[in-house]
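A.B. asks: Below is the structure I would like to discuss, written out as structure tokens.
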Protein chains: 4
Amino acid sequence: MSQQSWQKLVEWPLFIAAVLFLAAYSWEVIGDLHGPEAVFAESVIWGTWALFALDYVVNLALAEDRPRWFVRHLLDLAVVVLPVLRPLRLLRVVTILTVIGRTAGAMLRGKVILYAAGASVLLVYVAALAVLDAERGNGGSIESFGEGLWWAFVTITTVGYGDFFPVTPTGQLVAVGVMVGGIALIGVVTGTLASWIVERVSETNEAEQVATKAHIDTLTEEIRALREEIRQRA
Amino acid sequence: MSQQSWQKLVEWPLFIAAVLFLAAYSWEVIGDLHGPEAVFAESVIWGTWALFALDYVVNLALAEDRPRWFVRHLLDLAVVVLPVLRPLRLLRVVTILTVIGRTAGAMLRGKVILYAAGASVLLVYVAALAVLDAERGNGGSIESFGEGLWWAFVTITTVGYGDFFPVTPTGQLVAVGVMVGGIALIGVVTGTLASWIVERVSETNEAEQVATKAHIDTLTEEIRALREEIRQRA
Amino acid sequence: MSQQSWQKLVEWPLFIAAVLFLAAYSWEVIGDLHGPEAVFAESVIWGTWALFALDYVVNLALAEDRPRWFVRHLLDLAVVVLPVLRPLRLLRVVTILTVIGRTAGAMLRGKVILYAAGASVLLVYVAALAVLDAERGNGGSIESFGEGLWWAFVTITTVGYGDFFPVTPTGQLVAVGVMVGGIALIGVVTGTLASWIVERVSETNEAEQVATKAHIDTLTEEIRALREEIRQRA
Amino acid sequence: MSQQSWQKLVEWPLFIAAVLFLAAYSWEVIGDLHGPEAVFAESVIWGTWALFALDYVVNLALAEDRPRWFVRHLLDLAVVVLPVLRPLRLLRVVTILTVIGRTAGAMLRGKVILYAAGASVLLVYVAALAVLDAERGNGGSIESFGEGLWWAFVTITTVGYGDFFPVTPTGQLVAVGVMVGGIALIGVVTGTLASWIVERVSETNEAEQVATKAHIDTLTEEIRALREEIRQRA
């Protein structure tokens, strides 16, 4: 069995596992669960973990150039073998984005914006969960999911009022992820708007439009017609 | 009656209703009205609400593909049926921007900047109103219109000192809107400057100018002349 | 005398007046002057004010389309007739930038960056002066020029720690100017880097280079040679 | 001996000296050394300083146009003659970046991103060291390396919560460097994404692709074939 066919096979199961994991983790963190409910949520979380670990092992076994695959997927390894880093487990949610991105096909400008917006909302939600999990009861100021959401929005947009901020190392690690996401978000929004403005400006004056392949094709047709004419006259 | 002709008909009445609404709401919030004056301001606000609700219903009735129109205008629905979300009512002011944008015609670079600047100023004003309405008397730090304006400027530019920040859920919802507006604002400014710099740089060295449709047209003329010459000689 | 020749005549005197004004104002604010020294500094400030007022009046008198010039230079009017807005007087310093920009000639990418860097440094210096002038002794936290400079840097880069922030309306007006400058600064840096990266990327693969006027010129030469050949054979 | 051959000769020794310097400085600052260990670390730091000073002197001696070289390398001079500015010594680490950049060869988009990411991580690390060195024991809030790292991340992404900020002039100088680095970082990320989006958008519609040198070459081939044909028929 090739690596491609395995990846195709597990694409949707992994997607569903990631959604299940997100649901169980959300329930556990937001509900601040204890007793049998916490045990159940934890079971789901560890079950999806097992699926991701299995996927990692099978991928490694099937890879054509195993050392190269290993080096290029160190992040995947970290996510699988470091479940002590509780918030990092949320990186599995990236699977959701990958699947959505693949079905999106060609990347038109509108889709880039939609994808960036979707990824930002998912990042804010996941970061609010992770920071709440890390900070609650550890002396930080973030004590409810609402506060976590508010903190994540204030951070991803790089506003940073300072009314809430993480104080635990895990929470600060989550924050760095959100900040980097914020920079990328600004980059995507800006880049898309820039490409749109450049196009809009060039449209207003036809003679100053950038020459496109269509223009060159017209020219080539002209030359071919000339050639044909010479051939007939000769 | 088609949907287009209805929209054309109500364009200006809706614009005036939005301006009236903004004036009445500003008066009510900044003046912190009570008694008969508050009743009058509220009457104007609900009157304009009725006009927007009517517009929504007529649009839905006239739409060619009703389910599709419904799905694509969920925001309009939310604005109409959730008047309990007081600050969200300010979204009606978007009507003002739409009308201005339509009369602007083709989007030249200067107009993009002017439009972005105008939209930012309107956003700051509206956000200051909405946050003051939500926060005043609810334990927040924003207690006057001046403080609201200052907070909106600090937030839209993503500076975020943290001297003022919303603490109520409604106020935080307004803040998220302002932050998203700030990111878009940075994007528009950056994109416009980038397109201007790219153009300026290419102008300084004529031979390295990007080929335009005008250049291709010159070339095509050259080939046509050649064809004509061959024809005459044959 | 035409408006152009007047503007050419007073370009350098106004530049020197702006530098003198900046020096006197810096001395007065940083030194926290009282007594005869303050009187002297104020005299220089009012002397340069007189020169700018004279320039405004002469420009208005010489303008071909007076009402249009008036509408387009409302900012100049505000600076001249509102000397009560002490910090706004610093807008005169814009004259320095205009002169430097004019001598810079064609705007190459390196010059855009240099100009933006210079304007940013000037803005930081001027904002530190203006905010100190507005805040000192009015209950704000900015009490020394060093604190003003630090505050201006933290604000123009949109970091906004919140350790210092203006509390007076005038100081907040200055802050809004610095924030807008910060957004423009990010835009210029980003735009210049984007245009550089686009160029660099296209250089790495020659066949994928964007077609330039030079390429089109080569092609035109080819066609002219063909025409010449046909003429000689006929 | 020419300046080029000298620079080639000392490229790797300087790189190793910069790494050694960074290691010794890190050890001294993070370990808060005293006694013989501090003496040893300081010796390494001064030893590498001597190497950089030597490099400066030899470069100045070998330069073809000595005054021009002097003016263009004022920063190098400052770093060499101002070892009192302890944090500025870290500028030597720029040598590491130069060497990495040179071996990177042509700047493809992926490499620009990798380089920017690497430079940002190095900047964060170095800034955390420098700010800790400047602030510890001087009444500031940054008292451990972890806090320094957290502060540097919060600053370079322009979030600026305000939970930690420098209060000494040296620390604030370091902060300004980090902020400027943050602006440049946003610029590089945005510019790269913009160039990628522009390319991606143009790929989706082949006829609207920008004309490239490859297209022009195809056209030129067409004309040459025509010319050849005419020659053979004549």
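Note that the numbers count up from 1, one per residue, in the order the chain is shown.
Cβ atoms are placed via backbone N, Cα and C, with glycine included.
TrEMBL: automatically predicted annotations, no manual curation.
In case it's useful when we look at the structure, here is the feature table from TrEMBL:
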- D:122-198: domain 'Potassium channel' (DOMAIN)
- D:12-31: transmembrane segment (TRANSMEM)
- D:43-62: transmembrane segment (TRANSMEM)
- D:112-132: transmembrane segment (TRANSMEM)
- D:144-161: transmembrane segment (TRANSMEM)
- D:173-198: transmembrane segment (TRANSMEM)
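Could you place these features in context, so I can see how deep they sit and what lies close by?
C.D. replies: Same-chain residues lying 6+ beyond the ends of the transmembrane segment (D:112-132) with a Cβ under 8 Å from its Cβ atoms: 22, 25-26, 29-30, 86-87, 90, 93, 96-97, 100-101, 104, 142, 144-145, 147-149, 151-153, 155-156, 166, 170-171, 174-175, 177-178, 181, 185, 188-189, 192.
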A.B. asks: Could you give the residue numbers and ranges of same-chain residues that sit at least 6 residues beyond the transmembrane segment (D:43-62) on either side and whose C-beta is under 8 angstroms from one of its C-beta atoms?
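C.D. replies: For the transmembrane segment (D:43-62), the list is 1-3, 6-7, 10, 13-14, 17-18, 20-21, 23-25, 28, 69-70, 73, 76-77, 79-80, 83, 89, 92.
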A.B. asks: Please indicate, using numbers and ranges, the residues of the same chain that are 6 or more beyond the transmembrane segment (D:144-161) and have a C-beta under 8 Å from a C-beta there.
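C.D. replies: Distal contacts: 29-30, 120, 123-125, 127-129, 131-132, 175, 178-179, 181-183, 185-186.
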A.B. asks: Apart from its near flanks, which chain residues at least 6 from the ends of the transmembrane segment (D:12-31) lie with a Cβ under 8 angstroms of it?
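C.D. replies: Cβ under 8 Å, 6 or more out: 37-38, 41-42, 44-45, 48-49, 51-52, 55, 89-90, 92-93, 95-96, 99, 126, 129, 132-133, 145.
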A.B. asks: Which value does the mean pLDDT take for the domain 'Potassium channel' (D:122-198) in this predicted structure?
C.D. replies: 87
